[in-house]
Amino acid sequence: MPISANNTKRKSWIEVPVDSDFPIQNIPFGVFITKDDVITIGTRIGDCAIDMGALQQLNYFEGIELTDDMFMQDTLNDFISDGKKTWRLVRNRLAELFDETNPKLRDNKEHREIVIFNVKYIEMQLPVLIGDYTDFFSNKEHAVNVGKIYRDPEHLLSPNWLHIPVAYHGRSSSIIPSGIPVHRPMGQTLPNGEKTPVFGPSRLVDFELETAFITTDVNVMGENIPINEAEDYIFGMVILNDWSARDIQKWEYEPLGPFLSKNFATSISPWIITMDALEPFRAKGPKQDPAPLPYLQQKGKHNFDINLEVAIQPENSEATIVTISNVKHMYWSMSQQLTHHTSNGCRVNSGDMMGSGTVSGTTQDSFGSMLELTLGGKTPIKLSDGSERKFINDGDTVIMKGFCKNNGVRIGFGEVSTKLLPPFVRK
Ligand code: MN
């Protein structure tokens, strides 16, 4: 079935601002609360949020097999469970409906008023109930940079790194959408030169610039997914900020990996950009040397050309972009990550989320964390208000954005924007 929603020539009867992340070629999926306090599944074109629950009630999805309340839910999990064919039918239908040549909804004022809201008046929610969250470590530049700070110079990469998409199991309970502030975590750290640890606010709160993919029901327990099928189980992607407390991380991470240094918060952008929408932006990944074991070998383009940036906005001041990177740098592809994840029979369900790992480029201005940008806090970054940052200060807002562009079409992710608050104080 063709992805007619990707037609680059198509224009919408909804006005789309120049350089919007959400032209009619995007058609992402999300969950929002309308100003009438109704929660619904929806999409977005330009600055208009579109209530898909209302569209379904008004019969605009006629002919597509969907349960009656499919879009009147507070998560996308059931829709995602319906599989790739349904996602494509629905996205194609939305593209048709909002095509400038289609009068059906365009010329029905009463329906338009029920279905379309300015994004100013909605509140985005988490798009899925995330059952399980895994965070990979799949960017070689990041792994080497972290190796330079934490490991010995002879062995910057751990011996397994070129053979396994390394990951840890994260915590889904602290995943939040853009806009929800985060408290600076308390935790146990070992001060430099000391022999006994202390407990207190983390002094080294950092972001990690990542993307994440969201899966449909992948397998039954015990079953593995071959590499050439893995992409069929990936619904779409978001931008992810893997908040990290470096001083807590350094003290706790051996021998089992990150724990409380990471699970106090993980922020994501609220619109899921489908893999169908990202299809025109495929890119070849870096050459893998040594060749991975056969179960992880793949040919063709399995990376995606997604531009990423991070800005820091101090309280009452303007934002400064501190890094610009691109997802095409990832060493391990999403299909390799998912195949590896199920290779032992681990079950992966609809709504599970897999983080990419920090996306760093090859140069100092393209690194995906403050740890790397400031060489572990040694070389501070200057912001446009003249202040300096080694890590993130209380009151700072970290803003991550992502977009793809080619053949005159630009689609984007919107943003994930999160303010860091002082430590929580119990009243
Ligand atoms: Mn991470």
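Keep in mind that glycine also has a Cβ here, set from the backbone N, Cα and C atoms.
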Which of Phe137, Phe235, Phe281 shares the substrate site with Arg151, Gln249, Tyr253, Thr358 in TrEMBL? The record says Phe137
Ca(2+) site partner of Asp135, Glu208, Glu210 according to TrEMBL, chosen from Asp99, Asp242, Asp247, is Asp242
Cβ proximity for Lys262 (Mg(2+) binding site), under 8 A, sequence spacing 6+, ordered by residue number, returns Asp135, Tyr168, Gly170, Arg171, Asp242, Trp243, Ser244, Ala245, Gln249
Given the binding-site residues Asp135, Glu210, the candidate whose Cβ has the fewest other Cβ atoms within 10 Å is Asp135
In three-state DSSP terms, Lys262 (Mg(2+) binding site) is classed as coil
Secondary structure split (DSSP) over the domain 'Fumarylacetoacetase N-terminal' (25-127) reads 39 helix, 22 strand, 42 coil
Checking the binding-site residues Asp135, Phe137, Glu208, Asp242, Gln249 against ligand 1, those whose Cβ falls under 6 Å of one of its atoms come out as Asp135, Glu208, Asp242
Among Arg151, Tyr253, Thr358, i.e. the binding-site residues, the one with its Cα nearest that of Glu208 (Ca(2+) binding site) is Thr358
